[in-house]
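Step one of this worksheet: look at the structure below.
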Amino acid sequence: MEFPFDVDALFPERITVLDQHLRPPARRPGTTTPARVDLQQQIMTIIDELGKASAKAQNLSAPITSASRMQSNRHVVYILKDSSGRPAGKGAIIGFIKVGYKKLFVLDDREAHNEVEPLCILDFYIHESVQRHGHGRELFQYMLQKERVEPHQLAIDRPSQKLLKFLNKHYNLETTVPQVNNFVIFEGFFAHQHRPPAPSLRATRHSRAAAIDPTPTAPARKLPPKRAEGDIKPYSSSDREFLKVAVEPPWPLNRAPRRATPPAHPPPRSSSLGNSPERGPLRPFVPEQELLRSLRLCPPHPTARLLLAADPGGSPAQRRRTSSLPRSEESRY
């Protein structure tokens, strides 16, 4: 991959390692140094073009490697240049590999979840014109030595079929451990101990507070033991026998005739738990005329007799004399 500026002068070594700061590497002694802003801009241009070429080779909708992504993440990119072919004395870029540590939740052989933070292969590309010439193995092996990891300790993010064949050919990585995410790990991934998961912030805060304030907390109050619950008794009508006895209504409502014989078909009982209390039969409704006739026939109360005897104006004779007046005179009073 060629560029309009001098790649050989920008990257003095065959393989250049760049971090998120995208700083130009040290220059060779005796060479002219252009403006530092121009060097960083050239590096950003190279990374953007490599990301586009890699996305096109993997049939991705958008590049996953760019200068802006490099500056916002703690990733490392290894760039391989070609010094032999020097068109117009400017050099060319063969390919790159991008790696970075990520916290992942992966499944082991027993399908148990494990929180690990391995080194991940995030992007890998070798130009189509120089593939199958050993450049990919050279770049990959340099990365392994620089990062001090073994091939089976890596986690690969959405590897292509070419990358899987490359790992199987050069590093005998064939058997994979199935995962639920886009990362692929191989057999032997859990052979070495990865970084233990960091303790939660809340647990760290509580431990620090306990170390600063050694005052013991108040003991928890003990609740009294619960009483043993006995057998639950069903609803019984024996405790409410008084509901079965109908209360005698006042006179003259008690003069209504009672039903002599019980009904042929008693009303059905409730199907709820136990038996509902039985009540006496309701008395028939007493008509108004019968009620008035009963009131006329009832004997006067003894107290009423005493009042009538003590009040001479209320005697029966005076009532008769008063009632004998003409109707016209009665209306005046």
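Just so you know, glycine gets a Cβ as well, placed from its N, Cα and C.
Taken from TrEMBL as is:
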type     : residues         : note
BINDING  : 124-137, 160-169 : acetyl-CoA binding site
COMPBIAS : 209-220          : compositional bias 'Low complexity'
COMPBIAS : 226-239          : compositional bias 'Basic and acidic residues'
REGION   : 196-239          : region 'Disordered'
REGION   : 252-287          : region 'Disordered'
REGION   : 305-333          : region 'Disordered'
SITE     : Q58              : site 'Crucial for catalytic activity'
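Positions of the features from TrEMBL, shown on the structure.
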{"residue": "Q58", "record": "site 'Crucial for catalytic activity'", "Cβ contacts under 8 Å, 6 or more apart": "S160"}
{"residue": "F124", "record": "acetyl-CoA binding site", "Cβ contacts under 8 Å, 6 or more apart": "S54, G95, F96, I97, K98, G136, F140, L163"}
{"residue": "H127", "record": "acetyl-CoA binding site", "Cβ contacts under 8 Å, 6 or more apart": "M1, A53, I93, I94, G95"}
{"residue": "V130", "record": "acetyl-CoA binding site", "Cβ contacts under 8 Å, 6 or more apart": "D82, I94, G95"}
{"residue": "H133", "record": "acetyl-CoA binding site", "Cβ contacts under 8 Å, 6 or more apart": "none"}
{"residue": "Q161", "record": "acetyl-CoA binding site", "Cβ contacts under 8 Å, 6 or more apart": "none"}
{"residue": "L164", "record": "acetyl-CoA binding site", "Cβ contacts under 8 Å, 6 or more apart": "V184"}
{"residue": "L167", "record": "acetyl-CoA binding site", "Cβ contacts under 8 Å, 6 or more apart": "P151, I156, P159, L173, F186"}
C-beta crowding around G136 (acetyl-CoA binding site), within 10 angstroms: 22
